[in-house]
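Quick look at what Swiss-Prot annotates:
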| type | residues | note |
| --- | --- | --- |
| SIGNAL | 1-19 | signal peptide |
| DISULFID | CYS56-CYS69 | disulfide bond |
| DISULFID | CYS63-CYS78 | disulfide bond |
| DOMAIN | 102-139 | domain 'EGF-like 2' |
| DISULFID | CYS106-CYS118 | disulfide bond |
| DISULFID | CYS112-CYS127 | disulfide bond |
| DOMAIN | 282-456 | domain 'GAIN-B' |
| DISULFID | CYS408-CYS438 | disulfide bond |
| DISULFID | CYS426-CYS440 | disulfide bond |
| TRANSMEM | 468-488 | transmembrane segment |
| TOPO_DOM | 489-496 | topological domain 'Cytoplasmic' |
| TRANSMEM | 497-517 | transmembrane segment |
| TRANSMEM | 536-556 | transmembrane segment |
| TOPO_DOM | 557-568 | topological domain 'Cytoplasmic' |
| TRANSMEM | 569-589 | transmembrane segment |
| TRANSMEM | 610-630 | transmembrane segment |
| TOPO_DOM | 631-654 | topological domain 'Cytoplasmic' |
| TRANSMEM | 655-675 | transmembrane segment |
| TRANSMEM | 683-703 | transmembrane segment |
Amino acid sequence: MKLLLFAAWFSSLLDPCRFLDICQSCHPNADCDDICKCRTGYTGNGISDCRDDNECETVPEICGLHANCTNYVGGYYCNCLSGFISNGTEQFQTNDGTSCNDINECEEDRKCGPNSKCHNNIGSFICSCLRGYTSPAGPWFMPNHGTDCIENSKIHCHQDHKCTKETVNSTLERMTNLSISERLKEIRYQTSAALSPVLLISYIEAMVSSKLNSGDVSKDSKEHVNETITNLVFSVNNLVEKDEKVEWKKINEDLRMYYVTKLLHTAEKETLALSAGYTHATQMQVHAGDVEMKLYTFEPRQAQKHPLSANIQGNSISLSTKKARHANNNGSTSVVFLIYHSIGDLLKPADDPGVADYSRYAAAGEITVNSPVIAAAISNQKTLPLNDVTFTLKHTQEIDPARDETKCAFWEYSPSMMGHWSLDGCIRTRVNTTHTSCSCNHLTHFAILMSSARANLLAHYNVLTRITQLGMVISLICLSMCIFTFWFFRDIQNTRTTIHKNLCCSLFMAQFIFLIGINKSAHKWFCSLIAGLLHYFFLAAFAWMCIEGIHLYLIVVGVIYNKGFLHRNFYAFGYGSPAVVVAISATLGYKYYGTSSVCWLSTENNFIWSFIGPAILIILVNLLAFAVIIYKVYRHTAVKKPEISHYENIRSCARGAIALLFVLGVTWAFGVMYILYETTLTAYLFTFANVFQGMFIFIFLCVLSRRIQEEYYRLFKNMPCCFECLR
């Protein structure tokens, strides 16, 4: 019986008429596939109910953040919001590859009108006035509302005390009825666009007037305190960011120092005052662009568990505390760290001895702030007494520790808000190319001061250039007279005058090409040619200086030599060896002849050493020859002429030594010192000694030579116009 019932049921399932009955019962908006299913865009049981599925309501943000959803019976479509444009069809659905992209309205010319600037935002844009102009609508406005940027009538207001006072009072009056949080929000908004000097002053005064105490914020929620502190940090950033430097520089230096100090002091104190609103341990960080802040609030007994340090963009600071004698665990303690990335230029180091005397370069150049300014403050030092502060600051410009002097300093200011940099209580612990580490025994605003050897030399660049030009003109005149002398007078012709003559010719060519071609860098090939000629003739001059030293050494030591053989070798060495060096250098690195600024050898890949190397070698050889010659001459005079006093002997040798220094080119050793130390002193010594080398050679080899004096006497004696002068 059971089997008969099962067979009957199974056969009913296989009955095709049954499937037909099911499909006939489906809703008009449903499809039949064994069962009734509502079509896409509808929802229900498929038989009695298939109503429209409103995707715009059931799937939040189905079209994405930048599009509107429009529902219709059985479906939906998306449209981009105003301020966005579709990269496909105007109407689209999710996941069909279409997206909404921001329209940059600022690409349209003069979108905001004359004397204004367009700022594109995601989905919109906004306008602000250019510096020197103002709008009745405020710092930000939309165009086509009758708003024009007109010339700011108060652009010079900061120079007049009465005008400044009126503007400050007007600003304060507008904020009289605002709460602390509302005031800081308004200041942030008003300072977010370009400011004039008088507005910088006005909004700093507005911030200072926001007197805070714990009662003002104790009832605020954590979120409200966070928002207020954020508005404070952004307001400070708006006042000191890089774009505002040009306006700060228009303010009198003393007044500028006063208001910057006031701002630093207020930012620190108000942040600590606002942190009193936190009822639980809190960590907070605000990044506002050029100003960043980190804040820690905790109970005093938890101080050891909380890191009293901050690391911000490669700058770090850490506080070391000691145990309080009378511990007070009531209330909370806050520690705030503030870093100002661009304020250093506004706090120019004073010329007081406490700062300026630290550098051996300071007397010749400017001391600069070469780091961000970092500040640290504690709300209650009685519960958290300070031991010391250690910090590492990143240099604004990389330094050479061997040439640039850095010191750890802090901004010391009085209750009258007048401040200056001081070194008291701070020591430098470590320095490298990019960072300086310090340790101080107090809290305040810290920075790294630097006196740069290169910066000092730049200050003397024009003077050194004029000395070089004048010296070379004088040297060229003197060298031409030397060449005439050694070439014209036959009675003085010998090996020594031949060497003198070739040395003078090489120096003349080198200095002449230097004078007319060193700055001709506009045409690369011509500049490379000038650099190659300078390389050759300066090396030739050094080679003949070396020959001077060797020849004098042979004479003093008393070596007998073949004059003809020696002459041939002298010429080969004097002109051949420089040619070999230049040929090899040009083959291996021809592209390093000439730079974008001067027609000389490039320092890339140490190519400059193709000149410095041979020059240093010759200087060392001549220094050795110089020492031997002076020693031999002194001993010879002492033995052969005992009647001459020791003092006279030394004085005679000194005169000869000075002459030899210039003839042998030993003064070029100042160039080596300049490369090693690059100080103002070595720059002047090198410039004076070498641009006037031709003049000194003329004085010592011609003017002070008795034989040449006699030759000139005979020459002028035969000239009637000059004879009377010689009588």
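Placed from the backbone N, Cα and C atoms, the Cβ positions cover glycine too.
Remember, predicted model here, so these are calculated numbers, not experimental data.
Feature map: annotations from Swiss-Prot on the structure.
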residue: CYS56; record: disulfide bond; contacts (Cβ under 8 Å, 6+ apart): ILE62, CYS69, THR70, ASN71, TYR76
residue: CYS63; record: disulfide bond; contacts (Cβ under 8 Å, 6+ apart): CYS69, CYS78, ASN79, THR94
residue: CYS106; record: disulfide bond; contacts (Cβ under 8 Å, 6+ apart): CYS118, HIS119, ASN120, PHE125
residue: CYS127; record: disulfide bond; contacts (Cβ under 8 Å, 6+ apart): LYS111, CYS112, GLY113, SER116, LYS117, CYS118, HIS119, TRP140, PHE141, MET142, PRO143, THR147
residue: CYS408; record: disulfide bond; contacts (Cβ under 8 Å, 6+ apart): LEU423, CYS426, ILE427, ARG428, THR436, CYS438, SER439, CYS440, PHE446, ILE448, LEU449
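Residue counts for the domain 'EGF-like 2' (102-139) under DSSP, helix first, then strand, then coil, are 3 helix, 15 strand, 20 coil.
Between the transmembrane segment (468-488) and the transmembrane segment (610-630) there are fewer than 3 Cβ pairs closer than 8 Å, counting only pairs 6 or more residues apart in sequence, which means the two stretches are not in contact. Against the transmembrane segment (683-703), stretch 497-517 has more CB pairs under 8 A than any other of 497-517, 536-556, 610-630.
Just so you know, of the disulfide-bonded residues CYS69, CYS112, the Cβ with the fewest other Cβ atoms around it within 10 Å is the one at CYS69. With DSSP states grouped into helix (H, G, I), strand (E, B) and coil, the topological domain 'Cytoplasmic' (489-496) comes out at 5 helix, 0 strand, 3 coil. Across the residues of the domain 'EGF-like 2' (102-139), the predicted structure has a mean pLDDT of 88.
Around the Cβ of CYS78 (disulfide bond), the number of neighbouring Cβ atoms within 10 Å comes to 24.
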